[in-house]
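**Student:** Copied straight from Swiss-Prot:
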type	residues	note
BINDING	His117, His121, His127	Zn(2+) binding site
Amino acid sequence: MDNLNINFINDDEHPIPSQDLLLKCLQLVADKHHISHAEVNLNIVSNDEIQQINKQFRNKDKPTNIISFEFEKPQGLPDDIANDFLGDIVIAPAVLENEAKEQNKELNDHWQHIFIHGLLHLLGYDHQGDQEAEVMENLEIQLLAQLGIANPYIEQEDQNGR
């Protein structure tokens with residue numbers, strides 16, 4: 001795992017899961033995509049900060065759980081520089097906490113799901129169309145199952161047989 005790195009940027013010390021838990025998610029995604037070296041910035045921000053970012057980059061004036069920015073290597077940058085850098089992920093822990101409560105999910109499970117979701121965006125996956133969404137969701141379900149986490153797209157009542 002020495003070749004996989006998450007740069008945690010959490011200036012306000014928002015509560016987050018263990019770094020090992022999130023590194024395990026990166027390892028799963030990297031293994032699935034035959035990536036041996038990867039680096040990601042994980043920015044932990046407040047609801048206000050993510051709302052500003054969401055408004056600026058997505059024209060949506062509301063907080064969201066995650067925003068991913070895939071790295072695009074500038075022209076002229078030598079191939080051996082920044083090859084491993086996938087991009088930046090911005091997460092608002094308070095949004096994740098509220099979603100986990102509303103959806104009756106374990107908070108760490110939800111964190112892992114959303115972080116994997118963001119990593120897949122950095123690798124070019126999207127969910128704009130139904131077909132793209134199905135591919136991305138199926139991959140998320142498969143990766144989460146390897147972590148022992150239930151399908152996040154099934155209502156909690158359905159998972160409990162109610």
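Just so you know, the numbers here start at 1 and follow the chain as drawn.
Placed from the backbone N, Cα and C atoms, the Cβ positions cover glycine too.
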**Student:** Other residues with Cβ within 8 Å of the Cβ centroid of His117, His121, His127 at the Zn(2+) site?
**Tutor:** Ser68, Gly118, Leu120, Tyr125, Asp126, Met136, Glu140
**Student:** Tell me, if you would, which residue among His117, His121, His127 (binding-site residues) has the fewest other CB atoms within 10 Å in the structure shown?
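**Tutor:** Looking at the binding-site residues His117, His121, His127, the Cβ with the fewest others within 10 Å is that of His127.
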**Student:** Let me know the DSSP-derived helix, strand or coil state of His127 (Zn(2+) binding site), please.
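**Tutor:** DSSP call for His127 (Zn(2+) binding site): coil, neither helix nor strand.
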